[in-house]
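A short worksheet on the structure shown next.
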Amino acid sequence: MKQSVKLIVGNWKMHGVAADLVEARALIESVHDVRADCRIALCPPATLTDRMRQVLAGGRIELGGQDCHQAPSGACTGSVSAEMLVDAGATLVILGHSERRGAFGETNEEVSAKVEAAIAVGLEPIVCVGETLEQREAGQAAAIVSAQVEGSLADGLSERPFAVAYEPVWAIGTGLTPSLEQIAEVHAAVRSAMIRRLGQAARRAPILYGGSVKPDNAAEILGVSEVGGALVGGASLKAEDFLKIIRAA
Ligand SMILES: O=C(CO)COP(=O)(O)O
């Protein structure tokens, strides 16, 4: 089954204070005339989630978190639970981003546990995978990414909405992107791994591409087979740029 409705997600990462909500407001005002068959979400830092909920209220832009802890509550200083994200208004959550796998040593097992925690409270997980430049140069991109998919997805996903995001580590924030053929090849491998892990139910989940998606490359990337949307970092911080990417969908 072909995924027709694209999902365009903005990951603000550790950018944004209350004053930056003006960008979210600008985006809301301009998305009214964008064709309806595309989903749009913004994932601000946790401190802005509740305030962004108020800004987005009643509109078509969905709200997500950037991570959650795998435990429902407890002695976990500095962490945010899945339930807390829901409480603040989120309906989605990015999990296993390479910046967390890298800087915080998150393993596939931990990501899978976070996925379970997220779906337990009704959050839609966006599970990130991606190879390093070294792994790509060694010809291991598809194998690495497939193993991450199989290790990070959780059983419960076969009955829940979710997405996988393919983000080559070397393409994040660098202005570099894989060729369209390389994107198609890895997305096909991701789809196969999803089906191996979860069965045919995994056919309906979109596979997003992320890593230096910009207004000038979004249309061609979103046109690649099995690219069901985009996970956008830097270009989601400016309403004008993010809107251009949304229009490309
Ligand atoms: O990591 C990303 C989104 O999660 C991609 O970031 P950039 O779009 O800034 O490369």
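Note that Cβ sites are derived from N, Cα and C of the backbone, with glycine treated the same way.
Nobody curates TrEMBL annotations by hand; they come from automatic prediction.
Just one of SER73, SER146, SER212 is listed by TrEMBL for the same substrate site as ASN11, TRP12, LYS13, GLY173, GLY233, GLY234, and that one is SER212. Maximum C-alpha to C-alpha distance over the listed substrate-binding residues ASN11, TRP12, LYS13, GLY173, SER212, GLY233, GLY234 is 14 Å. For ligand 1, the nearby binding-site residues are GLY233, GLY234; that is, of TRP12, GLY233, GLY234, these have a C-beta under 6 Å from one of its atoms.
When the binding-site residues GLY173, GLY233, GLY234 are compared by the number of other C-beta atoms lying within 10 angstroms of their own C-beta, GLY173 comes out lowest. If you take the CA of GLU167 (active site, proton acceptor) and look 10 A around it, you hit none of the binding-site residues from TRP12, GLY173, GLY233.
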